[in-house]
Amino acid sequence: MVMMNCNKIKGRLPPLAREALAEFIATFILLIFGDGSVAQYVLSKGTKGTFFSVNFGWGVGVTLGCYWAAGISGAHMNPAVTLAFAVTRRLPWKKVPVYILAQMGGAFIASAVLYGVYYDALNAFDGGVRQVLGPQGTAGIWATYPSDFLSTGAGFADQVLGTALLVGSVFAIVDKFNVGPDKTIAPVLIGLVVFVIGATFGFNCGYAINPARDLAPRIFTAMAGWGSEVFTAANSWAWVPVIACPIGGIIGAYTYILFIELHYPKQGGEEEDDEVENGNNEQQRRLVDPTPEQEGKEKRSESSM
């Protein structure tokens, strides 16, 4: 009976709604593990976590988010990735606002759940007085804040570079004409990319590299007791990940295209080059749009149930 009801729900949902649900839950998974690792590290004062465990938590969060949603939406979990796919014509523009809203929603709900789980630990840490920065500051569990020495310009460049490395690496990993892995292994490698970005660029400002991962939790903390200071702290740092990350994502995407994708060896003339380009676009599209064959398999699977 439950399975029949689930199938009815599935049949009534348009494809874009399914993709939105996938982006929502994948981003939730990313944030619950990523910010969860930060919470354990901060609230235990370093006794139950390290900088390594934080990076590992974010990397595994990305990997698991991919395994949850890649077959439905492509598991972007990141507006910078979504915009890069749209700008390079791998995703229809009409899907962009839906994906981003779903990502923001997943990140916000994950932030709320994490707050509930660690509510008592928060009170034990700060005495119930929420502070953004300082020795008792806890807003950084949810959103990123720069180190005291970091200028806004350097932080902006940091976020552009980190997101460019992320998106460019994603394009490389999912490119079937390159030496990319089997699709079942790709989520692990994408998670490792996030891990290594944190291990190499996390010191400056916490490597947001994802506007939804930073802005939605920041909005939550503003509502949950930290107040508007979360937007004005550190020279109003809040705007930097929102603007710099999409710019970095587009730069990373076109860097991969210009340096790699356009230069596959010619084996059959210009016509074959066109096939390579079209094949790449089709491969990328399938990350977000189920093929008719896939939909047929789904329907046959439902019938067999």
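Just so it is clear, glycine is given a Cβ too, placed from its N, Cα and C backbone atoms.
As given in TrEMBL:
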type: TRANSMEM; residues: 21-43; note: transmembrane segment
type: TRANSMEM; residues: 55-75; note: transmembrane segment
type: TRANSMEM; residues: 96-118; note: transmembrane segment
type: TRANSMEM; residues: 156-174; note: transmembrane segment
type: TRANSMEM; residues: 186-209; note: transmembrane segment
type: TRANSMEM; residues: 237-259; note: transmembrane segment
type: REGION; residues: 269-305; note: region 'Disordered'
type: COMPBIAS; residues: 283-305; note: compositional bias 'Basic and acidic residues'
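Contact between the transmembrane segment (186-209) and the transmembrane segment (21-43) is absent: fewer than three CB pairs lie under 8 Å, with pairs separated by 6 or more positions in sequence. Only sequence-distant pairs (6 or more apart) were considered; of these, at least three Cβ pairs between the transmembrane segment (96-118) and the transmembrane segment (21-43) are under 8 A, so the stretches are in contact. The transmembrane segment (156-174) makes contact with the transmembrane segment (237-259), as judged by at least three Cβ pairs under 8 Å among residues 6 or more apart in sequence.
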